[in-house]
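Enquirer: To start, I am sharing the structure in question, which I have written as structure tokens.
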Amino acid sequence: MDALCGSGELGSKFWDSNLSVHTENPDLTPCFQNSLLAWVPCIYLWVALPCYLLYLRRHSRGYIILSHLSRLKTVLGVLLWCVSWADLFYSFRGLVHGRAPAPVFFVTPLVVGVTMLLATLLIQYERLQGVQSSGVLIIFWFLCVVCAIIPFRSKILSAKAEGEISDPFRFTSFYIHFALVLSALILACFREKPPFFSTKNVDPNPYPETSAGFLSRLFFWWFTKMAIYGYRHPLEEKDLWSLKEEDRSQMVVQELLEAWRKQEKQAAQHKASAAPGKNASREDEVLLGARPRPRKPSFLKALLATFGSSFLISACFKLIQDLLSFINPQLLSILIRFISNPMAPSWWGFLVAGLMFLCSMMQSLILQHYYHYIFVTGLKFRTGIMGVIYRKALVITNSVKRASTVGEIVNLMSVDAQRFMDLAPFLNLLWSAPLQIILAIYFLWQNLGPSVLAGVAFMVLLIPLNGAVAVKMRAFQVKQMKLKDSRIKLMSEILNGIKVLKMYAWESSFLKQVEGIRQGELQLLRTAAYLHATTTFTWMCSPFLVTLITLWVYVYVDPNNVLDAEKAFVSVSLFNILRLPLNMLPQLISNLTQASVSLKRIQQFLSQDELDPQSVERKTISPGYAITIHSGTFTWAQDLPPTLHSLDIQVPKGALVAVVGPVGCGKSSLVSALLGEMEKLEGKVHMKGSVAYVPQQAWIQNCTLQENVLFGQALNPKRYQQTLEACALLADLEMLPGGDQTEIGEKGINLSGGQRQRVSLARAVYSDADIFLLDDPLSAVDSHVAKHIFDHVIGPEGVLAGKTRVLVTHGISFLPQTDFIIVLADGQVSEMGPYPALLQRNSSFANFLCNYAPDEDQGHLEDSWTALEGAEDKEALLIEDTLSNHTDLTDNDPVTYVVQKQFMRQLSAVSSDGEGQGRPVPRRHLGPSEKVRVTEAKADGALTQKEKAEIGTVELSVFWDYAKAVGLYTTLAICLLYVGQSAAAIGANVWLSAWTNDAVADSRQNNTSQRLGVYAALGILQGLLVTLSAMAMAAGGIQAARVLHQALLHNKIRSPQSFFDTTPSGRILNRFSKDIYVIDEVLAPVILMLLNSFFNAISTLVVIVASTPLFAVVILPLAVLYTLVQRFYAATSRQLKRLESVSRSPIYSHFSETVTGASVIRAYNRSRDFEVISDTKVDANQRSCYPYIISNRSEAASLSPCSSRNSQQALWCSGSLSLLSPKQKTGKLAPPCP
């Protein structure tokens, strides 16, 4: 480099330490300024260019029109290119006139000029690719400005010292260059307009990050608008942003599904390739080894394939942050040497303190981006897993349903999916912790020599302990999850049968069952918590013990080894870095064991058998037929005997076919076989056309009556009106408070059995399908209503006339009107044919008629009563069915029938007079042509109230209630133990500081044994106090979990029936699954983390103020700023967390509803629609999750300059104040911060 700069005009050395280091007025040589300093931005741009061009080619967003901003940027780039070429031509001019400039004056203008031309072309290429804000160019212009600041100062000082400008042209051209790059930097900070051909975003609340500039993304400024709004007004769901396209459930779940299917395909191929080997000879097996075990699809590999790129980006941020964390100890070593050297220039100290502050700020900012990426990745984990489980639940076989209840599958979606989200922030510790440990040991070796090997040996001894703890924790986790599944399963059954439970007063017995399971669960949690607390002692003491053992070996292995300030403080700083990965290892082990259990459970569920979509052939069929079965044999599970066998059935198009037979003969199984719900062992099933299905137990959604009938189809008023009339629902609409807009509770809780069945039938009628499978729809209604439905819907004169209808029934009065009858017995077709032909055979059909004739005769008696009443009483009969809650065939007592009729008339009279306590029931006839009014005031018919989020600050009573649940004495003891732990930590650091300041005689320190012994005692005391506090928190947390779960359980069990009628079961299950999980396993560790951070901050402030009292002046404004920023962000993040909790319950409610009605959903071919509904509900939950993550990151980025926890501002201020104080440069230093 000297050859490049040392000859010719204005030549100089490349480096001069007397000019740049050992002086009170430092400066860089002209050669250094004109060469390396000018080349740094150019090197950066050329290195980054290939990767950036590849990125732009793959992420084109359409071009941006040439705006005034783009023109101005281009003009500045061209001017910079001209200035560089002017410098180059000026150097050639000097060469021509005999003044030979140094070679650097030719090379640098050429390099800078070409780079400026490249930057100008890149501006236009970015515009053509739709880049609104370029981070690459902003960093380039920033480097240009920073590297030009030193020449800016140097040229002014040189001109001032010499009294004149030695080279006016280069002096002028440089300042023009500086003004242009500064202007380019300012312009680069402004965003361009959106791309010209980009899709127009009509969303009222688009995600602002997609259009944010580089600086806005870097410092999370794009979140500020929501933070301001959330500070002024409580956030509501309508205020939340929409999700980015790549974050939506549809995209995330689809990617994970494809990766999982690829794993399943690879496993199937592996199984198929291993199959021919089963015929290999015994000799081959001996020679080649045992047969390879069949490979199972790996859900972990599917997760890595889907989210590996996001994980890799976060790993890059983590790597940079880890490397930056080791810079401050090196700078601290330089600062200590500076303070110990009275002759050192004062600017050294300010420079080192500034570098420490800048390094800490960069480290904090990169850490926030790392957390941003990793938390978003964790949220995608949860979203993908929930979506995959939902889709799997729609296609599992009935044998799997028997083994997995709704509550257990809800646990997979709530608890197990959440475990992966909780694991995400710790995943990078798998490689980051070893890296930090290796680097810390390397730098400790540089500082203390081979003595550090003693500490390394101690850490190696801890590895077997880690393994034993991990195995034990995993065993506890497996047992706990089984108990949790049992508890949620029992709670789901209680909620499903709560009406029966209350009618029989069984609350206390079921309470005992739930509390018995809960007791076992808490016992496991208590044991695991105590084990975790015990290992906490080991891990809290391990960094200190490593420090202690290393220092002990260092001072005793050689009497001449002196523990001075530099060795002690730098070593403690490195040991503090080492403490983080060692302290996080217990949490990592705990989360890994929990996630491994959840992974096994999810993988096992996803590997279960699915219904075969090809079991029913829907494309081809024999001409003239709608349904055919040839030699069909069906079973409900592979391990069960066949339920139906040797079936040969052919149903012509448009026929009305009745399926009859004794109870348990397989009538409902036949319908399920036609739907593909059973496992086909033999034969073929053909069914051509769309299908509508009415199950024996009506499935009703938690939505309005109209939505239940439409079932996703568009509203056709005429067809809708005809459907309601045919299904005898008009009288019901008159009685319901909101008409057809009345909200129906979960499982039709506010409808009678007859109403539910008629709504289910209306759904089928409105679907206008080709084939109708009716599984005994008339059993839940009275006989007169059954006759009305058959005449107007199912029969030859009904609205379904001409459609193919398969009717399972016990009503023999309808059989003469059917086209032909299928008689089942013991899972086989015993007879089949028209009604007259079957009567003549006098076989099993005749026996069936004999068995059901008495009931039918009584039904005819009821029909005679109906016939005597006339047209007006016909409506009364329908209203009677509306008010009845029974699901039996009919009430066969004619006397009871007369009493009911009299009661109906009295009710009608009271209602018409307006004297009833309830809502009046108008009795009027609706003509066939009258349209059903769609009630505007839907709220009047709402049954389920939407869960509302609290607003404002969290009330102190909430914290007080939890403290009481933990135990007031336990809470006080925990706080006192942490106070003692902080005092011990401060004492240990003060003692170490005093040790380093001991006088040195004959290159030795006195009282080494005493110093080491007291230091060891204080460190072990600190570990014991932390362990005691952890054990106290574990005991208090389990006590709180027991008390709060017991209070919740007793409160819900004793709630009135109206509460369960108006509250979705998913919302209640959410309280008992996710919220109880938070209380059990999340809240106590978070409180410990809060206490640890709080007392660490207090300890840091105490140490700094004790060493530099002048810093107390800085504390007050920092504390005020910290409090204001925290209050500003806390309002928004708190409300976002509430909205997230409220939006979680509908996911589980919808899931429970879907699993219950999966057969109906599949029959109507609406699986895809329900997947979209589930994705929409998950996205509604994510709309609050994403801003919550960003709010924490934005708050941390804003607080990092004033956070005493991170100590950036504290470091700079205390360092600067110590430099200004003459007494500080005596070699005696304050104790290090804890």
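Glycine residues also receive a Cβ, built from the backbone N, Cα and C atoms like all the rest.
A quick note: this is a predicted structure, and the numbers were derived from the prediction, not measured.
TrEMBL lists 312-594, 972-1184 with the feature domain 'ABC transmembrane type-1'. According to TrEMBL, the feature domain 'ABC transporter' maps to 629-851. Positions annotated as region 'Disordered' by TrEMBL: 910-931. If you look up TrEMBL, you'll see 36-55, 104-123, 135-152, 172-190, 299-320, 347-367, 423-445, 451-471, 528-556, 966-992, 1012-1035, 1076-1095 (among others) marked as transmembrane segment.
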Enquirer: Sort out for me which stretch, of 36-55, 172-190, 299-320, 528-556, 1076-1095, has the most Cβ pairs below 8 angstroms to the transmembrane segment (104-123).
Expert: 36-55
Enquirer: Below 8 angstroms Cβ to Cβ, which residues of this chain, lying six or more residues outside the transmembrane segment (36-55), approach it?
Expert: 1, 14, 28, 108, 111-112, 115, 118-119, 122, 125, 136, 139-140, 143-144, 147, 150-151
Enquirer: Any residues 6+ beyond the ends of the transmembrane segment (299-320) with a Cβ under 8 Å from its own?
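Expert: Hits for the transmembrane segment (299-320): 252, 255-256, 259-260, 262-263, 366-367, 369-370, 373-374, 376-377, 380-381, 384, 420, 427-428, 431-432, 435, 599, 602-603, 606.
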Enquirer: Hey, which bits of the same chain come close to the transmembrane segment (423-445), Cβ under 8 Å, at least six residues off its ends?
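Expert: Same-chain residues near the transmembrane segment (423-445) but 6 or more away: 311, 314-315, 318-319, 322-323, 325-326, 329-330, 370-371, 374-375, 377-378, 381, 452, 455-456, 459, 550, 571, 574-575, 577-578, 580-582, 584-585, 587-588, 591-592, 594-595.
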Enquirer: So what pLDDT does the domain 'ABC transporter' (629-851) average out to?
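Expert: Mean pLDDT for the domain 'ABC transporter' (629-851): 87.
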